[in-house]
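Q: Mind having a look at this structure? Questions to follow.
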Amino acid sequence: MKTLAVFLMFFASCMVADPSNPTSCICPQNLFQCDPSSTEGCTCIPLYWVCDGDNDCDQANDEARCDRPTCSSNQYTCDNDKCIRKDWKCDGDNDCGDNSDELNCPSKNCSADEFQCDNGNCIQKKWKCDRDDDCGDNSDEKYCPERSCTDSQFTCDDGSCISAGWRCDHDIDCKDGSDELNCKLEPPRCSDEEFHCKADGVCLDKTYRCDGDNDCQDGADEENCDVKPQCSDWEFPCSDGVCINAAWKCDGAYDCDDKSDERNCPIQSCGPDQFKCTSGSCIHGNWTCDGEDDCPDNSDEEDCDTPNDDQCGPGQFKCDNGVCIGRSKVCNRLDECGDKSDEAGCISRSSCAINNGECTHKCTNGHNGAICACPIGYELRSDRKMCEDFDECAIDGTCSQLCTNMPGSYECSCVRGYTLKPDGRGCKALGGEAYLIFANRVDIRKVLPDKSEYTSILQGLENAIALDFHLEKGLMFWTDVTLDKIKRAYINGTGVMEIINTGLESPGGIAVDWVQDKIFWTDSGTSRIEVSNLDGSHRKVLIWQHLAKPRAIAAHPGMGVIFWTDWGENPAPKIERSTMDGRERHTIADRSLFWPNGLTIDYASSKIYWADAKHHVIECAHLDGTNRRVVIDQGLPHPFALTIFEDELYWTDWHTKSIYKANKFHGNSKETVRNRLHFPMDIHTFHPQRQPPMTNKCGANNGGCSHLCLPNLSGFVCDCATGFKLLPNGQNCAENLSSFLLFARRSDIRRVSFDTADTSDVVIPVTGLRSAVALDWESAGDYVYWSDVTGDSISRARWDGSGQQVVVGTNLESPAGLAIDWVSKKLYWTDAGTDRIEVSNLDGSMRSVLIHENLDRPRDIIVDPIGGYMYWTDWGATPHIERAGMDGIGREVVIGQNLTWPNGLAIDYKNSKLYWADAGLKVIEFSDLDGQGRTVLIGADLPHPFGLTLHEDKVYWTDWVTKSIQMANKVDGSRRETLRENLEHLMDIHMFHRKRKSVPSMCNINNGECSHLCLIAPLERDRSCSCPTGVLLKSDGRTCEDGMSNFLIFARRTDIRLISLDVNYYSDVVLPVGELRNAIAIDVDRKDRKIYWSDSVLDKIQRSNLDGSNVEDIIYDGLHTTDGLAIDSAGRKMYWTDTGSNRIEVATLDGKLRKVLIWENVDNPRALALHNDAGYMYWSDWGQEPRIERADMDGGNRLVIIRDNLGWPNGLTIDRPTNRIIWADARTEVIEVSDLSGANRRVLISGTQHPYGLTVSGNWIYWTDWQSKSIERVNKFTGKDRFTVRGSLSGLMDLHAVQVDNYGTNKCGSNNGGCSHLCLPNPRALSCACPTGLLMKEDGKTCETMPRDYLLFASRASIRRISMDTPDNTDVTIPLTDLHNVIALDYDLKEGKIYYTDVYLDVIRRANLNGSKVESVIDQGLTTADGIAVDWVGRNLYWTDTGRNVIEVALLDGTCRKTLIEVNLDEPRAIALFPRKGLMFWTDWGKVPKIERSFQDGSNRKAIIDDNLGWPNGLSIDYDMRRIYWADAQFDRIETADLNGNNRVHLLEQVDHPFGLTVFGDYVYWTDWQKRAITRCDKLTGKHSTIVQGNMDGLMDIHVVSASRQMGTNGCSINNGGCTHLCLARPNGYTCACPDSPDTRPCSTVPTINGVPRPRPSGTDKGFEDYEYGTDWNEGYDFSPGDTDQNTLCSEENRRKGKCNSLESKTSQNSTGVHGAYIGLAVILGVAIIGIIIFLLVWRRHKRRRRAMDPTLIFSNLTYMKSSSDSVDIDRRSAKNQRLLKYDKKEERLTILPAKPKDSVKHNEREVVSLMKSTEAIVDCSTPPTPPPPLRHDSKLIFKTRSDSNLRNVNSDSDYGDKEEVIYESIEGMETQI
């Protein structure tokens, strides 16, 4: 069919010879040249279309001078006289042009599994509505159902789907822009680090402001910019600020918009391999005469040789002047050649009437006689008469995939996995729908080619560039050029993991071998191509030579070949291929290339396609590089990546930020798939046929290879990771490296193996490097050691990166040198910051200072265990090289002259030579070990040598300037070579090997008899014993003291350190106490040698041994900010100040007996000091009136001793020898002193910057200073001799001087002074004291065990009490375990039990009131138990369950569980009981908030309060006044009413946010979320509101524990009322009830007396189940009329108010039956109502899902899950944007809600009690929240950072970059909005 070949008309890429002259055309072989058209340019058609009766050329010159043809017998004559093949008749294709070949055709009979197209074609039914035109007339895509978007997608107006999170994000994602319609115009909330684009509302990172790139749609980010962006070294800045590639400067092409790149260009001098254009620019020499205009003036194509005969193809005629023309133009009476040679010798032919013009087939009379022509499928031979077969398959695009030529025709077919389309030419891929996945820098997205779906896969990326996938395993892989990592994830975006995270610099391309399971990648930074397994293991450098800037890469697993592009200029840009083992490397294209970007393989047709961003073309070739041709050369501003599917080519374009598609053969039918992208990078088609099945050359057993199996053309080879050699068997790899060069590069450590010929370096995968400098190694443990001068640490790891650990991480300032003693296993280092040389064991233990005097910036160090010496370089004022024994003794200068910057040191142990590099003198020298025989080894071309090492006969060094590693002969410096180059920031270098000399040493025999460190020394000493820093060596010279005896101890927020005062140097030692968050105060128990400290973040006081071991939590409850801490080592007590609670407390050293000493008139107490001998304690106060006070150590006789001229009195200490107090004032910047009474005050030293901690030892005062970050000292008598002990220490806090075993006398003696609890000293003697809240008995020595009356309250993860017996109101935590989220609680005083609910665990538990014996009472069938109440008379437990909307009861042990009420409940909350009256009250938060009452058996239920309620929280009963009290958290008030709901009173208004509530005595007590306090007021008047205790987070339920609150009896109090199971009280008796789940005992609802059922009184018609027993004990109750009589009719007023009991109106069992018709009608109506309800629920849910949500958030439930460390802001009366907290138990997260002004809060917008299961207020932004549970109609609105499916990013950069826009969005499903 002719339409199959129409594509031939569009070979514009092959026919325009001169782009500047569109009329100049040369058509390829076998094509006829149409006359040029002004609109269409040049057109070429097949020769056999000439004179075929069809005007194929626009100018119709193909039919000029032609007679009407005569169709042959095997042809069909069209109505327009056109001849076509007979078999084209009725084939559904308009071949005639007038459709006459398709008239009067019989209908085709399609089979049952086929679809009948409108044009008569038959296609497979499964192709119907697959969004692909398979019929050819698109009839298979008509009448298809509209695409249904998922719940996580938004449906655009055109029916396409996008991610729902992109709705109203200020970025148009729907093609029609409908996702941004009807959006609120509020701009996004841009952070301080972001810039707001006014036009599109996008938030951009400020780094993109004024960067020369218009990232905002209106370019607002580039307005008012004073400074133009800085271009990188490889870029050229255009005059308008845009950065372009520097190579484009003066290249003859305008790349800057302002053409500034071609201004002031010098006349270039081209290189020997370049061609100089007439314009002066230089191009590659091999680009001349290649048919492409590479010079701007086309001069590279001038004066080219005339094509020879071989260059005229078949079907062409060679003119005498060498020009080739088509044979159809010969003898046409036109001078086509230009020299008339095509018309020479032409003979006038006879007409077709005579012997058919001697033509064998078709004859047409032309101007010069008969013209022979051939039928379709044939062409004329050279004799111009005979016809021969034309090979249609020789033309690309004849068939989609496979083409078989046949005489006069051809046949198309498809490879496996495809099926032939009805047109007989195209191939359709099998395997489902295909979609495009592409990297967008900050995310990875997918889009369907038909544009119907556009969604995100993975978000929150840094700079994703290259991308590929593994379809079978469902994985995708991408490279990130900002993080320099390769990552992978599942194709749905989950399971993100790093697989390559070291040794990458610019990984720009990645390819997956889905058959052999390998990944290949290019790195233009390292100029390498590497391979690894899919998990990143067995990584190998595959190609490293002759690569410049490799970019794109593609793999062909079936062939075992990879292809890649190379951008480099030296060598020239090219496209190469090699086998997957790195061998058989070939160049497939190297001409007319500049920036070959994208690369993709058409596996079906065995072609490779690429894009060139500079030449703006897309080309293709066979896989061997032959038949290269241009596919598209127009409309390609900056193509980056491309992919292919079926007959379509897809590509991304940087300039337009779009994805396009076009026909892969000729580039026709170009369409925009998606535009308005941020920065599209790599792209792939995700479909099975893009990764078709191929033969696994490695087989199932990895080819028998131990590591890598790499395919090639003939099979495979086994290979090893870089640096590892392959063993002789050719399959296994060596497990270890025997020798490798080790070097540091600041940010990484690398090795170059000497086991293989490959000298590629490999990054050792260690983390956290910031400025690595020094290196060394130890082969026995395979360890590499390095120092980091930014991180101030020394670390080690094995050479494969495993086992990484910090061995020395403290008290380092600039550890620039490092050396390993491999004999005695010691680590030596220099520190240029502290000017010290230190030593330790290889693991960093037993650290000791060797040399600390007369050092001036020591640099490198090396040890010689053979001779017993260590050598080091010194960079100070007098540079020199010194040595000393390895024990630090016997120092001497070996090289003292002619040195400037002595850097690297190395020793030739075999020849006893010392080598060094001098960066100042630019030389490498060596000498004997004693400094004699100094010789210059290399003195030229050494710009800046740094590291130095020796191995065998070579010396190796690093050079900062040349950025290289070089080597030379170590004797004479000859044979100098560069081993590695282009390496930035090179530092130290060493050769790792396993041949270090073994040296005998006494230190290896019983540690040299040393207790700690044994150090090798020169022969005369052999070895020396040494002690850890600060510890003295005993007189025996072998044994160290047990520890420091006289030292400073100080806190540094995140660590605790010691400085010994026993030695003549100051060196701090960090104690290994684990992680500290904010250690502030510190002291030492001198008797037990334990350290105590406070941590204000953890809110704990902890302790450990003096060596840092055995860390314990001592005080972990009730602390807020413990600023001062003092240990009474003699009296065995600890004292502390708490600035948060304004208290001073004391406790035993184990923290068990704790007492508040001072709590009144305290205002920010700070430092604390004890004078045990005098019985005094002193403290400083930072409040409104700063002062220093004194009191007895038992808290008595308090006295202000200093009150004037104080600012911020921080440190405080007592100098016992002089009986003085000394303090530091950070505001007045002085240190002062006075006597113990405050007299004789004087300034000791002024000019301190910000002193904090202070202590005294001997004649010295020591203090810490925040601003100078130092510890300083001064003479305590004179204030002179000021000296900095340690500097450069940030976060310095408290400080103490300690002399162990000096702690005084315990006044309490051995019997604790006769006290039962606390014995506290005072100036007179001692006093007994009781723990907080307990009273002292009359004997003055013994304490009560529990308070008589106290508040009991829940605080999320704790239950506490506040004694009402003592005036301090201090809360004490009850030691309960496993608390998570305690909400409700109650108690039973009879058995001494606490009962509480934990909604995280969904349990009800109980314990003794002292916290012991915790047990679960109810642990199943609970959802959200919000209220709990104990019936202390009937011994029952009641609770509400908001999640299930029920009220239940059970015995106190949890047995006999029964549901009392389960209808007409809508979020029941608090519950309270009046057992003496048999009444139960509860609050309900439902749609109609109310307070209800019933009997305790659930009967006689009525609403007593049902109007003017919001969120009724706490509920309590005043048993004396017979009133109920409740708290309303919505209306912020506390109310009261009588037990009938009458006499209602607003007791207190404007309560912030009350929750729990209780009544006791004359007061109402409540917990308040907003104030974070327990408050009380007068229960009658609401006056005298007072905070009982504040600064408490997460306050919940509260009760008063008192015997007066649980009094009275009822019928159930004696023998359970005779009931077998449950005895439930009523006002006039009780009822017996059975549990819902029967137990093993028979249950009876009839009480028994001595086992006999109690008889029912005679004369009553009540059944046993309705009878009220126990009326004999009832005291009577004055109900309102009608309240107690169930038969009394409900009044109309009460009925209207809803107070009538819905259960009390019962149909009498004795009444007559209802007529059947009424029953039937009732059933029908009931079913109808239920159906309507179900329909409404479904409709509302569907509506919620389909509706685009307004991001405004509802005022919903305030969270119960606020963690104790965070603050809750619940002030709804504040500003408009005030935020609220809510929780949702199902979602297990904290949600922040914007508050509404109070006047806008409606009654139906309530707090919703859905208690969370998390005690930490953590917002999880990585996953969408769990939907609300079924049948809950209070749908909640959550906002979150779109870090997953909802995160959108904005990015626009000229190179790899990243920008991010964080959008907040609401989750659909909100029922009501504010």
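Just so it is clear, glycine is given a Cβ too, placed from its N, Cα and C backbone atoms.
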Q: In TrEMBL's disulfide listing, CYS117 is paired with one of CYS90, CYS96, CYS135, CYS144. Which one?
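A: As annotated by TrEMBL, the paired cysteine is CYS135.
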Q: Using DSSP, tally how many residues of the repeat 'LDL-receptor class B' (912-954) sit in helix, strand and coil.
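A: Across the repeat 'LDL-receptor class B' (912-954), DSSP assigns the residues as follows: 0 helix, 24 strand, 19 coil.
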Q: Within the chain of CYS225 (disulfide bond), which residues six or more apart in sequence place their C-beta under 8 angstroms from its C-beta?
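A: Sequence-distant Cβ neighbours: ARG209, CYS210, GLY241.
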Q: What is the nearest of the disulfide-bonded residues CYS83, CYS117, CYS156 to CYS168 (disulfide bond), using the Cα of each?
A: CYS156
Q: Expressed to the nearest Å, what is the distance separating CYS337 (disulfide bond) and CYS243 (disulfide bond) at their Cα atoms?
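A: Here the two Cα atoms are 49 Å apart.
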Q: Count, for each of the disulfide-bonded residues CYS83, CYS110, CYS168, CYS295, the other C-beta atoms lying within 10 angstroms of its own C-beta, and report the residue with the smallest count.
A: CYS110
Q: How big is the Cα-to-Cα gap, in Å, between CYS156 (disulfide bond) and CYS183 (disulfide bond)?
A: 14
Q: Taking Cα atoms as reference points, which of the disulfide-bonded residues CYS96, CYS174, CYS243 is nearest to CYS135 (disulfide bond)?
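A: The smallest Cα gap between CYS135 (disulfide bond) and any of the disulfide-bonded residues is with CYS96.
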Q: Counting each residue once, how many in the repeat 'LDL-receptor class B' (825-867) are helix, strand and coil under DSSP?
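A: So the repeat 'LDL-receptor class B' (825-867) is made up of 0 helix, 23 strand, 20 coil.
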Q: Same-chain Cβ contacts of the repeat 'LDL-receptor class B' (1132-1174) under 8 Å, 6 or more residues past its ends?
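A: Result: 1081, 1083, 1085, 1087-1088, 1090, 1092, 1094, 1101, 1103, 1114-1115, 1118-1126, 1180-1185, 1191, 1193-1195, 1198, 1209-1214, 1216, 1221, 1223, 1236, 1254, 1303-1307, 1317-1318, 1320-1321, 1323, 1329-1332, 1368-1370, 1372, 1591.
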Q: Using the alpha carbons only, what distance in Å do you get between CYS144 (disulfide bond) and CYS174 (disulfide bond) once rounded?
A: 21
Q: Run through CYS96, CYS110, CYS129, CYS243, CYS277, CYS295 for me and report the disulfide-bonded residues whose CA is within 10 Å of the CA of CYS83 (disulfide bond), in sequence order.
A: CYS96
Q: Between CYS117 (disulfide bond) and CYS110 (disulfide bond), find the distance joining the two CA atoms and give it rounded to the nearest Å.
A: 9
Q: Give the number of CB atoms, excluding that of CYS210 (disulfide bond) itself, located within 10 Å of its CB.
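A: Within a 10 Å radius of the Cβ of CYS210 (disulfide bond) lie 18 other Cβ atoms.
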Q: I'm checking region-level scores; what's the whole-number mean pLDDT for the repeat 'LDL-receptor class B' (912-954)?
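A: Across the residues of the repeat 'LDL-receptor class B' (912-954) the model's pLDDT averages 95 on the 0 to 100 scale.
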Q: Rank the disulfide-bonded residues CYS117, CYS183 by how many other Cβ atoms lie within 10 Å of each Cβ and give me the one with the fewest.
A: CYS183
Q: Relative to the Cα of CYS319 (disulfide bond), which of the disulfide-bonded residues CYS78, CYS110, CYS174, CYS183, CYS295 has the closest Cα?
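A: Among CYS78, CYS110, CYS174, CYS183, CYS295, CYS295.
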